[in-house]
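*Asks:* The structure follows.
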Amino acid sequence: MNGKYLSQLLDAKNKALTADVLIKALQTDSRKIQPGDLFIAYPGLQVDGRDYIKEALDKKAAAVFYEANQYNPSIQTKVPLIPFENLQHRIGEIAARFYDDPSCEMEIIGITGTNGKTSCAQFIAQALQSQGIRCGVIGTLGYGFLGSLHKTSHTTPEPIQLQQAFAEMRKQGAKAIAMEVSSHALHQRRVEGVQFDIAVFTQLSRDHLDYHGDMENYARAKELLFQQPGLHTGVVNCDDALGKRIIAHYRHQLTLVGYSANGVKDDRVSSVIASAIQPLAQGFSVEVQTPWGEGTFTTPLFGRFNISNLLAVLSVLCLCEIPFDKALLELSQLRNVPGRMQVVDSQRQPQIIVDYAHTPDALEKALTALREHCQGRLICVFGCGGDRDRGKRPQMAAVAEQHADQIILTNDNPRTESPLTIIQDIQAGFKNKNAVLVKLDRAEAIRYAVQMAAVNDIVLIAGKGHETTQTIADQVLPFNDVEEAKKAL
């Protein structure tokens, strides 16, 4: 049977309200309705889906679920029209039923935090795959299996697309999924209906305040991952204030592992700590103490923040019953993630690094990491996204001025905002803005930075990372920082 009967998608409260019909697919966009589909109608940020119920019925929708609050449909039809309270928050559960609860048949590892989500998800998938456990990923780089990811519009897809992705990967033999869980997705309840097994918290720093309003609301959104029904295990950064709060709040409900790159042991939980860190010519040697054993691993990855990410990954691998010695070996073999401290061409000088750093904290960590390896000048190319948190712009300027020797400001994704307004917001954070170059054309800025760099210099191109487009006004144009840097070399 292709599809599900309506009764299979409803809970006991709604089942008595209608006759049964076969549902072939779920849609929240009336333009995509095909005969036999279920139309799910609720008020969104831009439009109210309930205004399009008649259009969905004209396209032969088999049934309609609609948000009941402040709405009474005046439509005469034999098609089942079923009211729901808080429908937007229940779409995930409905979609999970439609796809036979795929997350229940796989180990779902949810990762939240301002920075580190993508790296941790990709590293976990690499390591589990290497150990013979077929592992999919869902996140900023797309969903699917490493090497063949499908693009998504959000870090965490909308509920129907999310459950469909789970179902596709289950069909292709996935036994585990490493999944980035954004604060937006948690706040909007996109992950309702997902059975998480392990929740990972990386760290919290300023971002998305245009959406959340303040840091406390942002923190509470991140915490929601640890409140998901059925969750049994958490992995938490003990070096972070919110991490400490999560441990205090949830240590009695969940089995928690705390990790620390600063050697901090929290006696309230099992601890994975870096007891000694030794910089190498490229990367680090790290001694670790864990509940599963003690040992040393080396990594070629740039940045002490990546040590923190690797401790989270080590914790997850051991919780997934990978033997400790094998887990350590996997850490040493992990490959860098596209757009995350990515070396453009390791065979040529100057060294050029592309990184997704688009918050003050991430930019500071990237620059600090590169300073440790820099024998000449550290040159930083960055901008800030338009239509996003304006408050972080001067903060990023202050960070760049403190840690870089030369700064070139440029466009990131200005979107509908004036590029000059964005630059002015950034410049407000500089003590000496006259020392800062401005080149709005990002390709020109990258070319200028590379050509001005001497052999021992390092150029950091920050903000866009893996992205392959640039959004200027209403145009989405092809653009790739790595490719532009290669042209400039």
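Quick reminder: no glycine exception, Cβ is built from N, Cα and C everywhere.
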*Asks:* Where Swiss-Prot shows Asp412, Asn413, Pro414, Arg415, Gly463, Glu467 binding meso-2,6-diaminopimelate, which of Arg388, Arg390, Arg447 is named for the same site?
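*Replies:* Candidate listed by Swiss-Prot for the same site: Arg388.
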*Asks:* So of all those recorded positions, Lys222, Arg388, Asp412, Glu467, which one's Cα sits nearest to Thr118 (ATP binding site)?
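*Replies:* Nearest listed residue in space: Glu467.
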*Asks:* Measure the Cβ-based neighbour count of Glu467 (meso-2,6-diaminopimelate binding site), defined as the other Cβ atoms within 10 Å of its Cβ.
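*Replies:* Its Cβ shell of radius 10 Å holds 19 other Cβ atoms.
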*Asks:* For the motif 'Meso-diaminopimelate recognition motif' (412-415), what's the model's average pLDDT?
*Replies:* 98
*Asks:* Under a criterion of Cβ-Cβ distance under 8 Å and sequence separation of at least 6, what residues of the same chain contact Thr114 (ATP binding site)?
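*Replies:* Correct list: Thr202, Gln203, Leu204, Ser205, Arg206, Asp207, Thr359, Asp361, Ala362.
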*Asks:* If you count Cβ atoms within 10 Å of the Cβ of Lys222 (N6-carboxylysine), leaving out that atom itself, what do you get?
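*Replies:* I count 24 other Cβ atoms within 10 Å of it.
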*Asks:* Going by DSSP, is Arg415 (meso-2,6-diaminopimelate binding site) sitting in a helix, a strand, or coil?
*Replies:* strand
*Asks:* Work through the binding-site residues one by one (Asn115, Gly116, Lys117, Ser119) and name whichever has its CA nearest to the CA of Pro414 (meso-2,6-diaminopimelate binding site).
*Replies:* Asn115
